[in-house]
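Below is one structure, written out as structure tokens; the observations come after it.
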């Protein structure tokens, strides 16, 4: 992590986010993917799943070749492959992995994620909310990072909501707010009705239902923006689309503002300090227009409405897979830069 050397990254869990983080990493000049661990898929199947993606299309940027049971190459660059169930057994140190992306959805607290450090990793980024690891949202609170070894990149929905909420709160003040995310189907849902003892509705067929669901994304904004702690909460509707979700944020403002003034504030932020994180559009867009959009949150100026100058509904789109995966990599790069500057 010194000078212009590439940041060496390993991935634990080669599911939706793991595979897309790999794609993002392979597209960047400052990242080197060195190892992948997944105990549930063979290297042959791993190669196939990486190459072919029903949502984001076929990978054509580099050749992906299986050389042996424990060895893949991406465009000539070797990547070690493991199938360890215990993260402490993955030899990250052998491959110089400075950072590990923990994307299994299983090892989401600090104690469990710390197992990667035993294998030689220096830092761990959890690609999910965590009950005890510090959470960072790029564009919002990454400047609070202080060389912690284990961090969380929060959730895709928090990454959409927090930049929007920060702009509105900084400019006008938020007294209170309710968020709804209309969220695309994810891997935890069932294709047809099936058992889901903790969430009965969540066990119903994803392909044929709009499913109300709980989400901690709005409350989590209070962890990355303490000034909004206790002021936001929300829920989700899971809908039968494969990717791209949309946040509907309804807030009471502290300072009166016209909808045009709100639009201007968001547009300025999208072109300034939050460029690449927060987007702005006045086009007549729909969800598929944002597939493989790398931004965290794209404000839809035409979709929002104001009841009064202190009560407004704001709408922002996000590719819950690709945008989030980009932020995982951005957080790694930010952490590496902070490490070299200390």
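Easy rule for this one: first residue shown is 1, then count along the chain.
Each residue, glycine too, has its Cβ placed from N, Cα and C.
The D-glyceraldehyde 3-phosphate site recorded in Swiss-Prot includes 155, 156, 157, 186, 215, 216, and the single candidate from 201, 238, 252 that the record places there is 238. Note: the CA-CA distance between residue 16 (NAD(+) binding site) and residue 155 (D-glyceraldehyde 3-phosphate binding site) rounds to 14 Å. DSSP classifies residue 156 (D-glyceraldehyde 3-phosphate binding site) as helix under the three-state reduction.
Ranked by how many other Cβ atoms sit within 10 Å of their Cβ, the binding-site residues 16, 85 place 85 at the bottom. Geometry remark: residue 215 (D-glyceraldehyde 3-phosphate binding site) versus residue 85 (NAD(+) binding site), CA distance 28 Å. For the binding-site residues listed here (157, 186, 215, 320), the lowest count of other CB atoms within 10 A around the CB belongs to 186.
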